[in-house]
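K.L.:
Before I ask anything, let me first share the structure, which is written out below as structure tokens.
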Amino acid sequence: MSNQTQPAREGGSKRTAAVAVQGMAPTFPHSSGNSAGDRFDSEDAHNDQRPGWRKFMAFVGPGFLVSLAYLDPGNLETDLQAGANHRYELLWVVLIGMMFALIIQSLAANLGVTTGKHLSELCKVEYPTLVKYCLWLLAEVAVIAADIPEVIGTAFALNILFRIPLWAGVLLTGLSTLLLLGLQRYGIRKLELLIAVSVFIMAGCFFAELSYVNPPASEVMKGMFIPKLSGKGATPDAIALLGALVMPHNLFLHSALVLSRKVPRSVHGINDACRYFLIESGFALFVAFLINVAVVSVSGTVCFAENISSENADRCSDLTLNSASFLLKNVLGQSSSTIYAIALLASGQSSTITGTYAGQYIMQGFLDLKMKKWLRNLTTRCIAIIPSLVVSIIGGSSGAGRLIIIASMILSFELPFALIPLLKFSSSATKMGPHKNSTYVLVVSWILGAGIIGINIYYLSTGFVEWLIGNGLPKVANAFIGILVFPLMAVYILAVIYLTFRKDVVATFIDPTSLTWRLRPIVPSISS
């Protein structure tokens, strides 16, 4: 068999060769006389006879698991600070971020359903070796950056519950990871349900507090639909808020999770699966959007109240996850800190699940390397512990809170290196066939993507120049820093341009109607 496929790999069209190399043909078993194809055809017929709601329930799960990443400690931290610093003015960032999240998460799901491969696997096939390894390293950094808020959020929760010093809580998060993975032996679905319930307890607390503080609806709607960046720190807070919402590792994760569902390999079956995943993701992200809006609104209302006490005003000036429980005292009273800490602990640990799976799929896809979950998660968590531990010892809770903001900004800057391949692959006929993005989705997704990338590049350049001018360092030191940093900024911009305008050279879509003749050179006959 290798002798038959090798010439196609080295000569002729790379598009045709990619089909044989990737071995995707067996995932489209619709050839005549194929027993597997007959079995899948009968399953398709059975699925079509099931009621619509039962077919939909078979696809529920990946979207809700992915949505947990939009409720992690990083999101809560940036939401609280956005409200405390700018009241409702940055709610439009939450709205745009969630709309964009729905679009790109649905594109990631469609990519996995249609191609039978997740995003990291397609990146491995499509890009040259150097680019592939660079994308892998960036994806790993994104997982680590997303894990930092989980480490610090868990440490804050342990500090509130048991008065454990912050640095000790950071070290204990490694053990909590092993405990969490041990609980998965009882069933990941039961564990996910338990964590989701705990997170929604926090949502109920903020919704109850929202009804108590009763923010002016007109101001909330104005902040949601009228873009505005005023006041000191509005731009970095907006970028951090966006980075905390739209995470690059989530794109790799969603495209892989949908592969756990049985999808009929037909145009109708794929279209139905994409539609069901869109509905599920839309509902899950809408709930996440409401929770984020509630957190921002509660923080903004309490911290900008006219009768706020001097103690609470001091807390609002440097609001962190460790000091935010006072926002819920109106509803929960003295038990507010305990319930808040339990929900915060659940938020951090639920995010660990998404980070674990995302890291596993990224490593498997880019490197074709499978690592045990406990070893993979412990390695990532230990790497994330190092900066969290140093900052918690030196800067305390306020320094740890600022580290969460920095991690969110890193995620925002890294987003193009997962987003651009996703947009290109999902719009490519060679990857998606007839299921590629429509013109409307193509235009909207690229406009939003270009806007986010443009904002990142603008802030990266202007923010660094402003810091270089006002840092007070000697001119020689500034010149040395500029020599080091400006080339890196140029490389960043060139890398974004390269990914955007590079033409795809590998095709992975297989037309089921032409599968019969494609299987012949791949599967040896019995007589041979």
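From the backbone N, Cα and C atoms, a Cβ is placed for every residue, glycine too.
Heads up, here are the entries from TrEMBL:
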| type | residues | note |
| --- | --- | --- |
| COMPBIAS | 38-48 | compositional bias 'Basic and acidic residues' |
| REGION | 1-48 | region 'Disordered' |
| TRANSMEM | 56-71 | transmembrane segment |
| TRANSMEM | 91-113 | transmembrane segment |
| TRANSMEM | 134-158 | transmembrane segment |
| TRANSMEM | 164-181 | transmembrane segment |
| TRANSMEM | 193-213 | transmembrane segment |
| TRANSMEM | 233-253 | transmembrane segment |
| TRANSMEM | 274-295 | transmembrane segment |
| TRANSMEM | 338-358 | transmembrane segment |
| TRANSMEM | 378-397 | transmembrane segment |
| TRANSMEM | 403-425 | transmembrane segment |
| TRANSMEM | 437-459 | transmembrane segment |
| TRANSMEM | 479-501 | transmembrane segment |
K.L.:
Using a Cβ cut-off under 8 Å, which residues of the same chain at least 6 positions beyond either end of the transmembrane segment (233-253) come close to it?
P.N.:
66, 69-70, 72, 74-75, 77-79, 81-82, 85-86, 89-90, 93-94, 96-98, 100-101, 104-105, 108, 118-120, 138-139, 142-143, 146, 149, 292, 354-355, 357-359, 361-362, 365, 405, 408-415, 417-419, 422, 452, 455-456, 459, 463
K.L.:
State, in range form, which of 91-113, 134-158, 274-295, 378-397, 437-459 has the highest count of Cβ pairs under 8 Å to the transmembrane segment (193-213).
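P.N.:
Checked against 91-113, 134-158, 274-295, 378-397, 437-459; highest Cβ contact count belongs to 274-295.
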K.L.:
If you count every Cβ pair below 8 Å, which range out of 56-71, 274-295, 338-358, 378-397 shares the most with the transmembrane segment (134-158)?
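P.N.:
By Cβ pairs under 8 Å, 338-358 leads among 56-71, 274-295, 338-358, 378-397.
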K.L.:
Restricting to CB pairs under 8 Å, which listed stretch, 56-71, 91-113, 338-358, is in contact most with the transmembrane segment (437-459)?
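P.N.:
Between the candidates 56-71, 91-113, 338-358, the best contact partner of the transmembrane segment (437-459) is 91-113.
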K.L.:
Please identify the stretch among 56-71, 91-113, 274-295, 338-358 with the greatest number of Cβ pairs below 8 Å relative to the transmembrane segment (378-397).
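P.N.:
By Cβ pairs under 8 Å, 338-358 leads among 56-71, 91-113, 274-295, 338-358.
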K.L.:
Count, for each of 56-71, 91-113, 274-295, the Cβ pairs lying under 8 Å from the transmembrane segment (338-358), and report the range with the highest count.
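P.N.:
Most Cβ pairs under 8 Å with the transmembrane segment (338-358) come from 56-71.
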K.L.:
So if I exclude everything within five residues of the ends of the transmembrane segment (56-71), which remaining residues of that chain have a CB under 8 angstroms from its CBs? That is, six or more out.
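P.N.:
Distant Cβ neighbours of the transmembrane segment (56-71) are 98, 101, 105, 109, 146, 189, 192, 195-196, 199, 202-203, 245, 247, 250, 253-254, 257-258, 260-262, 273, 276-277, 279-285, 287-288, 291-292, 347, 350-351, 353-354, 357.
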